[in-house]
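Engineer: Quick one: the structure is below, and I'll ask about it shortly.
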């Protein structure tokens, strides 16, 4: 297992790049890399040369997250002003604009089958689930508040929801909060199931293993990556090595590795068998806000691809093999 | 059978006296001698015979009788014999004196001897034998000069007088003039070749002293040939043998010593050497007996000194240091403190003193040894050790460096040097350790764990982490820890990481033991393991580090530092509950442990438990015993400082009390530790707090310089403080740069608080877009901090307002202002909606005011936009018209020019061609002209467009200028309503400012309340911009601050204040404590080595 740099684009955006995801390949085109930035734009890039395929404007304040529909036809981007814009990837036509005030918008993810879009709702301590055919809000999964609020808790921002992830079977959603707890929900019954404990600092990124629906990876500001048995509620492993916040985690499609991006300016590849860092990429010069593996399928892209985006305005592409 | 015959008086008969059958009672003989009036020489012969037979008493009796007054009278004219008798007596007493060990009796004997010699010289003062006797006596008394002159008197009379020559040789020998002595002995041998052995002894000793060992040996051998029982010769030969240091010779030498001892058991030299021998064979009882005998039989200083030395050494090796000290002192006393004569006892003395804790005494003794042997490595090393203990580091370094230079293969010397330098000069220390390590390896000796540990620690300190890792691994060697270190075998260990949170969980180790793995941790590996864990923490491998700490605790449950490190790890992961639990665990072991208490205090502070924290810190401060450890004091200072700023009601009196107290505490620490940068930083903050920016700046700059020297000290706070000072003094550019550097270098750009400072500075510098971007970044980092959103809204509002107030603005500017206003409205509305849910602490009314204001501005802006757009439109139209006009104008002009040109051309052509084909040509030219005008006009068109653009630009600008005034009027009318409101507020604020100006003013200028100011400043910026148009900057600030105090979410401030500076405390706990731990380990190692030293 190893990563090899293929291409980097300096100044890919005019400002810090904060979000990235791959838009899966369709019959007519290969997979595209979708990035969002503080410069209020969303850009599409063709692999492997990272040629700019399109620039979407229309957001105000920075773009904090992007998500791609599994079909590869539509994608969503969200900005600090709490609007979600759903658009057609090929035409950049706006399909819907979503907002659920006063809930903000942080991380988003489409259901594995594409029927729903889950959005981390920030201070509302909830996940908003939207139907992707009608673009109506179908449910709000709220983290239950502690029955007896402590007097020292002067605000409830501790359960501020930052990150969200669908299990590969689409039955459960996990979300990470500012206080480090991870909450797991049963989507069908719209019911909170349990917390996963272990972090005490914000959990900024979550991802399920693509091969094992029980295994959940979390990235936290405490510089650790945790591996949970999301159903058994237990912490399986804790991986340390980053020198600062872990901002993003993604699992490789083969399920053998995970990649992480951190404030310590590195991208790391972790071997899940050894549960240790295999490789550290230090090509970025600032915080690495997102790492994302290219989903398999489509033509034009050989082998595995990993992309990372950084506060230094650059984006990088690696070969994963 | 020899016999003498005493002639019977008045007859021919003689009395035959068989010499070996002399009667026991000498008075029989005396009677005969007296009765027969025997000649005095017979008296002498018989007395001598007695002497030879060892019957000294009889000898003395006869001679005393022979020198009695009657005899003197009777034999008055027999001069020579009488002198001889007296001389014999003198020699006898002289000998008695020589062998007498009791000083008083010795004196007595010498007095007796002197008496007899004097008596003899009264008979004949020129008798040489008398002089010789006197000389011998003086020699025995040690009066070399007088002895020499006595012998000279003899020799002047008779050059070849053997006894005098011998005496003189002896004098020269004792004077240390060995070659003179030798030549005298040689003279004796020439004159009197059959002389007895002792003469050759003298020669041998001279040769020996002169270093001619082989010749000396020959001489001694000759003595032994002549007299096989000559003890001196035997001893001398034995010494020669022993000095060769060869095993066989040594054995022979000891054999000779034994022979000598058997022949004469009282020869001190032999006794000493034998004692020496038995010392090395470990038979201490024999040593003591021998030396005691030797001491009893000699008075010779150096010999006695040697004996005492042997005795002392024996006690020393038996561990009886008090006795050893006594005898070493005796030994030193015997040689009259002349170290050059016999230096060993000084070394022993030094060692014993070192052992008994008399370091100064030891130092002076070792220094004496060093004077004699300046290149002795052992002495240099032990002196180095002594100097180090006396804190004379420079001297210690000097001697140890010398030792390593003299013997570059002495690993121990390098180790000592390394240990000495480890605190001061790590680079040299590291080199020393490395040399020691390679030396030990070369000689196949085991490298001590401590050495490797120290090498690791130095590399660690120098941030050569990988090398340090290797060193620690080498120090640890094989053991259970390898299972956790090795990535490959990690599968078993991996699950361990998961249970990191259950620090008490020893299942991991139990399971390993159940699997048949030995979980052992030898005592001397604890320190390297701890250091390795610290290193792993530094390498961010906290998982494995945690396992190691737990392993240490599993085996050594009393290892407090391991608890503290586990607590620090938990703390860095923000798991305060676990951290507190761990610290309490440590406190259970030692409830006075200052480190644990300090840490607990820090944690309580972080947990917002102010009162408790103060108590804990006080306890810590008391536990450090008279405030030797400044950490707790420092923490208390910080506590007071935070308390000063935290006060929600902002009671100025309380605030200044707290500040004063903080200042006192910082100063206290500074007095104890001049170079404590944390205290200096604190003092700087208090100074800045009071408005002494220049002094504070100096302080901070110095702290910054101090902190940059060491990799273990990281002090981002001082950068922030400096930036605050620059900000307060209006140097925004520099402040921005410093904030940015600090963020990048120390916080991985993750500290939203500093982003807030940065934004505040941009705001002040009126860099609205940068301010907004900075705030957006901060929001991205800290999404749940709604204050940041509020601030972002304010920044956008301010940007729009200031754009709209500009005299000149383009429609684009107005448009972007509108966009920002819309954003601001959205941000404020969202906050307003959120207010119902209580997700932040803002007052809804206040937010709504902002919303309304922004909306109002927005409406106004829309009008502005219409105006601007209309103007733009008009301008465009006008420009278009002008362009058209000028286009036409230019076209006309060009056409004109062209026509002229063509006319001229035609003229010429006309001239040329008129004569010939006038008519035809005219027609052709006409054709030409037509086509050229059409192309030329096209060209003209293009030119005109360019010109037009330029002209349009000019006119546009000009027009805008004109329009500016008009619009200003518009604005003033439209905004008047608002301005009134603002003025009202401003007045109110002004009052407040006056009332409490003391505190407010200070507040305002104050950079150091780290977060407060920036936060407050930004938050009340809304107030600011409402007044912005009218107020002067200073007044504005003051008002702003006073307002901020009223309606800003004070709790937020409180929080932020805590966040800023406690870092310094935290840094110190984690790193300082780690350093303390490693220091402690150095000390440990030192002790071990000190233990080794003494055995030398």
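Every residue gets a Cβ built from N, Cα and C, even glycine.
A TrEMBL annotation is a machine prediction, not a hand-curated record.
So TrEMBL says this about it:
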type	residues	note
REPEAT	A:10-46	repeat 'WD'
REPEAT	A:56-97	repeat 'WD'
REPEAT	A:98-140	repeat 'WD'
REPEAT	A:161-195	repeat 'WD'
REPEAT	A:196-238	repeat 'WD'
REPEAT	A:239-280	repeat 'WD'
Engineer: Taking A:56-97, A:98-140, A:161-195, A:239-280 as candidates, which has the most Cβ pairs under 8 Å with the repeat 'WD' (A:10-46)?
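Structural biologist: Counting Cβ pairs under 8 Å, the winner is A:56-97.
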Engineer: So what's the average pLDDT for the repeat 'WD' (A:56-97)?
Structural biologist: 92
Engineer: Sort out the residues at least 6 away from either end of the repeat 'WD' (A:98-140), same chain, that have Cβ-Cβ distances under 8 Å to it, and list them.
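Structural biologist: That would be 64-71, 74, 76, 78-80, 82-86, 156-157, 159-166, 168-170, 173, 175, 177, 185, 187, 190, 205.
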Engineer: Quick one: DSSP breakdown of the repeat 'WD' (A:98-140) into helix, strand and coil?
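Structural biologist: Computed counts for the repeat 'WD' (A:98-140) are 0 helix, 22 strand, 21 coil.
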Engineer: Within the repeat 'WD' (A:239-280), count helix residues (DSSP H, G, I), strand residues (E, B) and coil residues, in that order.
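Structural biologist: Helix, strand, coil within the repeat 'WD' (A:239-280): 0 helix, 24 strand, 18 coil.
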Engineer: Using DSSP, how many residues in the repeat 'WD' (A:10-46) fall into helix, strand and coil?
Structural biologist: 0 helix, 18 strand, 19 coil
Engineer: Give me the DSSP three-state residue breakdown of the repeat 'WD' (A:196-238), ordered helix, strand, coil.
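Structural biologist: So the repeat 'WD' (A:196-238) is made up of 0 helix, 24 strand, 19 coil.
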Engineer: Using DSSP, break the repeat 'WD' (A:161-195) down into helix, strand and coil residues and give each count.
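Structural biologist: Helix/strand/coil tally for the repeat 'WD' (A:161-195): 0 helix, 22 strand, 13 coil.
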